[in-house]
Amino acid sequence: MGPSAAALALLGLWLLTADPPWCLGLDLKLNEAVELNATMPAFKVDQDDTYLCTSVALPDTEPLQLVGFQPLSSKEVVHHMLLFGCDAPASQDKVWQCSMQPACAGGDHVMYGWGRGADAMHLPPGTSFSVGPGTAVAHVVLQIHYMGKRPEKDESGVRLSLTRQPQPLAAGMLHFASWFSIPPRQPSHHIDNRCCFNGFEPAEGFAFRVHTHLLGRSVFLDSVAPNGSLAGREMTNDPQLPQGFYPVDPRFRLLPGRQVQATCDFDSSERDSPTSAGSTHHDEMCNLYLLTSSPLPFFQICTNNMGRTDRFGVGGLPQQGQLHQDQSKQWQPPLPLSQSSNAPNQRHFLGHQVSGVANGLNGSMWVFHRAERLWDGQAYKPDWEHINYEDPIAADTLLQLDRDSGTVKSALGGNMFFMPHMVTVDYASGDLWLTDTGLHQAIKMSPDGRILLELGRRLEPGHDDEHFCKPTHVAVARDGSIYVADGYCNARVVHFTAEGRHMKNIELPADKGSMSVPHKLVIDDCRDSLYVADRESSKVQSFKMSDGSWQGTWDVAAAGKPYGLAKGPYGSLFALCWQTPPQNGPVKAALLSEFPGGMDQVWDLPGVEVPHDLEVVAAPVWSGAGRQRPVALMVTETRMQDSRLLKFILLPGGVSLPAEELAFPQRAQQREVDEYTSDSREDPELERPQGRPDVTENWAEDEAGEADDVSEDWADREGGGSSDLSAEASSREDFAAEAMDEEGRPAGRPRGDLGSEARNDLAAEAMEEERFGDPSELSAERKGRPGLTSGDEEAAVEAELEAEMEQEEEAEMEQREEAEWRMEEKQDMKDSPFQEGQEPYGEGVSEAQAELRREEDKAERRPVFEDSALGEAESSDGRNPDLAEAERLVMDAEMEERKRVEEAQERSEESQPQETEFAEHQKSDAAHNEHQQIPTMQSDMGEPQVIQQDRMSLGAAVGQMFIIGMPFAIAFASVALYLWRRLGDLKPLPRRLPTSDPGL
């Protein structure tokens, strides 16, 4: 054993006893997925109804994505279990009692619950909880409620399934819990708990769990109409069944400001005294847990009709964040119009002035721009009210972009607008609201460009209930009510019904003066509040929506004039501020205080000039710490030219955007994150839960078993689906196919829409590049064809590609037949019954005739290449040179084979007279070989051949391999044993989570 081998052996032995901190990280880097058993450590329990908590040790080397839960408990021992996500545990002890006490220091968030023998649960494809370092869930706390004395060898807990691969959507929880008292002798007593969803973007509810003690008969969730009445049952279950997570109707969606009510129905007929809410099984509980999926995680607890969120908690804002401009190659919005000559292949550009931006559905955003038109000193007539143009802008002024990449998905608005200002998306319908200061109108438009409603008189400025004068922005309330900022001439906000009937004007009280250019609106339905960016007053005003009364003011003069205003996570409010000339100060973004007053944080926006609008969106997964989406601010400019759409990503202090080579190891992974949309949900006829919970019944079958493989599905999802939320959502498995109509256009898109053409062009070019290299030559050839319309051109290209694919398939088949023919020829020669001197073609046939017949026989059996791709290039005599060369090689091989067979037959004849002598030699050689340990080999022709004695014997080779490989084997075994000892419960993730539920 050499020095290096000995060193390896010593290294392995050292690993067996050492405890280096890097070893855990090494294991995680080698394994894409792991399992972690979160079990309760030993702790004596001698009394009933004991609650124990323990902090689960997560790998501390990198963030992970929690995607599955496998209970490891028995309902005979454990009443229920909860898993909390926290920034820090409530205690540093290994185990502590936590009956009716917080599990976490600060806010805690329930991520999973189990009771009454429920089965395992796996989250839907593309959805996860981000946990570990760099995330808001740095610690996971397990809480177990033991009904009685704990068995000595109890190892109750939950097996966590985690993956390293980022997921495009984040799981969250809407949690209902109440304090109450139930009177005795009541066959039915309801405990109601109403709550308002305080998110800033839609979330999908995908699973729910209910929990009561012995008196609970049913727990259900109802929608609440805007007028406060109940609007319909959304989900219900019997709490005496296994308390796992059950599937939710895929059409159920939580929109910002939506109210829902959880109700528990109790039967206290057998009780003689009141029953209160409490921790023991003699008390009662009323809980409903609704799991959600959205780009940013959302956690909210609703207690006795009061919702509670933390805007600095999970899915919220960093305490001391920093803004970083996204200048990566992955963010490529359209170029400014002035640079059109530098991008001849780009069809759509941002106009000289980009006036509006709005967060859309399905991972998109909408941008409103003015194309070649400018709002300058010549735009309006001397009265400053009437537009100085006779015709609308001919170009498309409204672009739908992919929110993460900036790719144009659709374009519309040509020959419709005179002076575009701002855009709003109604999340309930997907429709757009646009304001035009030249038209003096607020216009409701469908995503395919149909005008649905117009408020104000076209090209007529005015000051009454039927006219606007340069309106600036529209906001839509949860009940469909419309609020229009009638900004530049009229210092008011006008309230309309959903049908467009005028309701009231909202203005400042007389003692507060008047607003000066109300420029942007934000609605918070949960607070019944309307916020107005009072631009020239350098203030943000707050009004009560129900009666229009004034509530307070934020003074933002220190940052500048509020041009833009946008709602962020958990009711947070951002303002885009600018010190206009002559002060001409830097552009800033401000986070307003939770209640009217001032600003909590202010950031500089370097490089931004003449800002105009602001929107808050979810940033791409790659840009955030902990492999989860952070918050991003979208900013537009209205310079005289070269205006831009800019993205600034809000990260915790001290954290920077990752380098692109680290953030994008695979383009496909980024594409799947960009293109996955929450609209790709199943929409079957939901079966209400019966018996055992089966939340993963459909998801596990669709996701092919492993969370890491879900990227293969995401990458195929182009375009994000239809914006019509009233239509049934597609299933995950069929989404890509159903989203395209018979002409290759995404379903719901109009003919001529950019989305279908752009995707078809990209798909064709990608296929051309894969098969032919650079597609520029083929594209140029296609562009040069005369007389082809757009549809004919696409059809011709498709026909060409299909023909070429057929030719390639034929060529492959012919090559396989050629190979089979060669093998048959060799086998025929080997198995031929004719001896030397006999002709296989019969007696009396000359050698020349026999050779001719051989050639004819080969010609009949040879594959035909003339119709294949090999026939494209021909020599001067009409024959393909590649084919001729192939034939020559085949003939040479045949001649060599024939010569070898003849030589073998000659040797066989010569050996027959000397058979006795050869046998004696063979015996002698065998004895010699046995002594020398040199094996004999049998040739194909039946001739024994002896291996040269100077070759290494098999035994010597095995011995040397054993000597060389032993230290490596010792090192490998030592590492394996070390990991087994040190990592304990950390195991590779199986292809499918083990469970007794066949649906998983």
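Placed from the backbone N, Cα and C atoms, the Cβ positions cover glycine too.
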Just choose from CYS23, CYS53, CYS195 the cysteine that TrEMBL connects to CYS98 via a disulfide.
CYS53
Quick check for the class: what is the C-alpha distance, in angstrom and rounded, between HIS213 (Cu(2+) binding site) and CYS286 (disulfide bond)?
8
Using CB atoms and a 10 A radius, I'd like the single residue among the disulfide-bonded residues CYS53, CYS264 with the highest neighbour count.
CYS264
Could you check which of the binding-site residues HIS79, HIS145, MET285 is the closest Cα neighbour of CYS195 (disulfide bond)?
MET285
Pairwise CA distance, CYS286 (disulfide bond) versus HIS80 (Cu(2+) binding site), rounded so that it is a whole Å:
14
Beyond the listed site residues HIS79, HIS80, HIS145, HIS211, HIS213, MET285, identify every same-chain residue whose Cβ lies within 8 Å of the center of their Cβ atoms for the Cu(2+) site.
GLY115, THR212, GLN243, HIS281
Take the compositional bias 'Polar residues' (319-343) and count its residues per DSSP category (helix H/G/I, strand E/B, coil), listing them in that order.
6 helix, 6 strand, 13 coil
Counting other Cβ atoms within 10 Å, pick out the least crowded of the disulfide-bonded residues CYS98, CYS286.
CYS98
Can you count the other CB atoms that lie within 10 A of the CB of HIS145 (Cu(2+) binding site)?
19
Sort out the sequence-distant neighbours of HIS79 (Cu(2+) binding site) for me: same chain, 6+ apart, CB within less than 8 Å of its CB, listed by position.
ASP49, GLY115, HIS145, TYR146, MET147, HIS281
Return the count of C-beta atoms lying within 10 angstroms of the C-beta of MET285 (Cu(2+) binding site), excluding that atom itself.
20
Using Cβ atoms only, which residues of the same chain lie under 8 Å from CYS104 (disulfide bond) while being at least 6 residues apart in sequence?
PHE84, GLY85, CYS86, ASP87, ALA88, PRO89, ALA90, HIS139, VAL141
